[in-house]
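**Q** What follows is a single structure, and I will ask about it in a moment.
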Amino acid sequence: MSTKLEQAADNVDSRYTISGVLRPQLNKVFPTHWSFMLGEMALYSFIILLLTGIYLALFFDPSITKVIYDGAYLPLNGVEMSRAYATALDLSFDVRGGLFVRQMHHWAALMFMMAMFAHMMRVFFTGAFRRPREANWLIGVTLVLLGMIEGFMGYSLPDDLLSGVGLRIMSAIILGLPIIGTWIHWAIFGGDFPSDLMLDRFYILHVLILPGIILALVAAHLALVWFQKHTQFPGPGRTENNVVGVRILPVFATEAIGYMMVVFAVLAGMAGLTSINAIWNLGPYNPSQVSAGSQPDIYMLWTDGAARVMPAWELYLGNYTIPGAFWVALLCGLMVVLLITYPFIEQKVTGDTAHHNLLQRPRDVPVRTGVGVMGLTFFLLLTISGGNDHIAHFFQISLNAMTWFGRIGLIVLPPLAFFITYRLCIGLQRSDREVLEHGIETGVIKRLPNGAFVEIHQPLGPVDEHGHPVPLEYAGARVPKQMNQLGFADSDTIGKFSPAELGVTERVRDAEEQKHHEAVETMRALEETKDRFDRDATHNSAE
């Protein structure tokens with residue numbers, strides 16, 4: 001079989017001479033830290049979104065034309081609804097595998113957004129956005145924003161009660177924009193809400209335009225990672241000019257395929273065992289039936305929270321009225337602008353224009369880490385405020401109190417989070433320096449001749465003539481804090497989830513001892529040969 005593959009490869013290479021181009025690319029090395037798999041999780045989720053979306057597009061009709069439902073879901077038989085909602089019900093109850101694919105599509109969208117968000121936080125807190133990777137940061141932020149828009153339009157297509165409420169809120173916020181709001185609303189909805197064209201426009205954007213843009217940006221993102229080389233955490237043998245890890249073939253490719261299968265399996269299990277967006281329980285969109293408890297998906301919940309905690313401020317400028325919804329759009333836009341421009345702001349403040357391929361530990365840059373935690377606190381408070389009615393109902397507390405908690409918390413908690421995070425980072429730095437200067441605490445207490453008790457420390461490096469550890473320089477890598485992190489423990493044995501069979505440990509230890517004995521004997525033989533050669537050389541020179 002391998003001979004046939006080699007012959008086929010030779011035939012292809014003899015025609016296109018691509019081996020010289022592919023060989024160095026296939027020898028590319030990838031680091032093995034687990035956090036680098038977050039981006040791959042987002043990529044695999046996007047692949048699932050494309051595959052399931054193609055299947056759903058075969059059966060879905062985005063028309064807002066009114067029909068009388070007559071399908072498998074009996075409670076809604078005879079109810080007037082849009083063609084979009086009727087085909088969504090048919091997908092769930094009449095199409096083979098339709099409900100499974102629809103729920104897998106929805107779960108994959110959530111995983112896609114959460115994985116992108118986690119990946120972006122990893123990039124931020126480790127400084128992977130620094131020069132020369134500013135462009136990849138901009139692409140990543142754009143992908144997150146496009147993912148939010150794509151997801152919002154996706155769950156708005158069925159025209160059920162919940163999606164209709166979300167579209168109505170979006171329409172109100174857009175109309176609240178001064179001067180340009182009416183024109184933007186017309187461009188998106190094609191007229192007043194609800195319009196006959198809005199679902200058709202959303203459908204084209206959702207299945208054609210936005211996926212194409214996202215696919216192009218993902219390709220550009222991966223191309224930049226490929227040709228700029230991968231970042232890595234500091235460690236033994238790792239410098240700004242190399243990458244330590246595994247080659248793409250066969251190790252990394254095998255791990256990536258296995259990880260992709262795991263993502264597929266998890267999403268398939270969630271789609272088959274858990275229900276999400278049960279649109280048949282909501283009914284078609286009807287403005288008179290809107291009630292509390294309406295929230296978007298979690299990645300859009302922060303925008304809803306901003307609308308809930310924003311005071312009802314109105315500003316009158318001549319003939320123009322700026323409603324409270326405008327401040328929501330302004331706040332969200334300001335957060336996006338800060339996210340986009342942060343790498344350039346940090347570069348301007350610190351004056352750091354060097355190229356960086358080694359990552360930073362969050363504790364080593366306390367200001368950036370504090371700013372990141374402060375931003376996360378602000379974002380999470382907005383997200384929590386987006387579900388304040390659910391929280392108030394569940395815990396039997398005042399909804400007004402929840403609203404004021406969100407307003408006050410947005411002012412007080414982010415600076416407090418910055419201060420606490422900053423002090424924690426400083427404390428962790430001191431802890432690392434103490435170990436580098438004095439060694440690791442062994443837990444062994446020694447009594448001195450004068451009766452005093454001291455704890456014995458294990459030095460990490462050389463000692464001076466008095467036996468005191470020589471302080472080591474901090475290199476940006478993880479500092480061992482426990483004795484079992486120094487490699488003093490016995491060697492690991494290859495095993496499985498079940499206990500190893502009897503005698504495996506002993507055989508492995510015997511094999512290692514024999515290998516060590518053979519190495520010692522080899523070195524001794526080499527030394528004897530060298531000594532004999534030196535004696536012969538001395539004797540010949542004497543003659």
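Cβ atoms are placed via backbone N, Cα and C, with glycine included.
What you see is a predicted model, and the numbers here were worked out from it, not measured in a lab.
Below, the features straight out of TrEMBL:
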type     : residues : note
DOMAIN   : 8-234    : domain 'Cytochrome b/b6 N-terminal region profile'
REGION   : 509-543  : region 'Disordered'
TRANSMEM : 41-60    : transmembrane segment
TRANSMEM : 106-125  : transmembrane segment
TRANSMEM : 137-157  : transmembrane segment
TRANSMEM : 169-189  : transmembrane segment
TRANSMEM : 201-227  : transmembrane segment
TRANSMEM : 257-280  : transmembrane segment
TRANSMEM : 325-345  : transmembrane segment
TRANSMEM : 365-384  : transmembrane segment
TRANSMEM : 404-425  : transmembrane segment
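Looking at the shown structure, can you explain where the listed features end up?
**A** Long-range contacts of the transmembrane segment (169-189) within the same chain, counting only residues at least 6 positions beyond its ends with a Cβ under 8 Å from a Cβ of the stretch, are 152, 195, 197-198, 201, 304, 307, 317, 320, 322-326, 328-329.
Sequence-distant contacts of the transmembrane segment (201-227), counting only residues of its own chain at least 6 positions beyond either end whose CB sits under 8 Å from a CB of the stretch, comprise 25, 28, 43, 46, 50, 53, 57, 60, 62, 133, 135-136, 139-140, 142-143, 146-147, 149-150, 153-154, 156-157, 188-190.
Sequence-remote contacts of a segment are chain residues at least 6 beyond its ends whose Cβ falls under 8 Å from one of its Cβ atoms, and for the transmembrane segment (325-345) they are 124, 129-130, 134, 137-138, 141, 145, 172-173, 175-178, 302-303, 306-307, 310, 313, 375, 378-379.
For the transmembrane segment (365-384), same-chain residues at least 6 beyond its ends with a Cβ under 8 Å from one of its own Cβ atoms are 121, 124-125, 127, 298, 301-303, 305-306, 309, 335, 338, 346, 391, 406, 409-410, 413-415, 417-419, 421-422, 425-426, 429.
Counting only same-chain residues 6+ beyond the ends of the transmembrane segment (404-425), those with a CB under 8 A from a CB of the stretch are 305, 308-309, 311, 362-367, 369-371, 373-378, 381-382, 384-385, 388.
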**Q** Need one number: mean pLDDT over the domain 'Cytochrome b/b6 N-terminal region profile' (8-234).
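**A** That region's mean pLDDT is 91.
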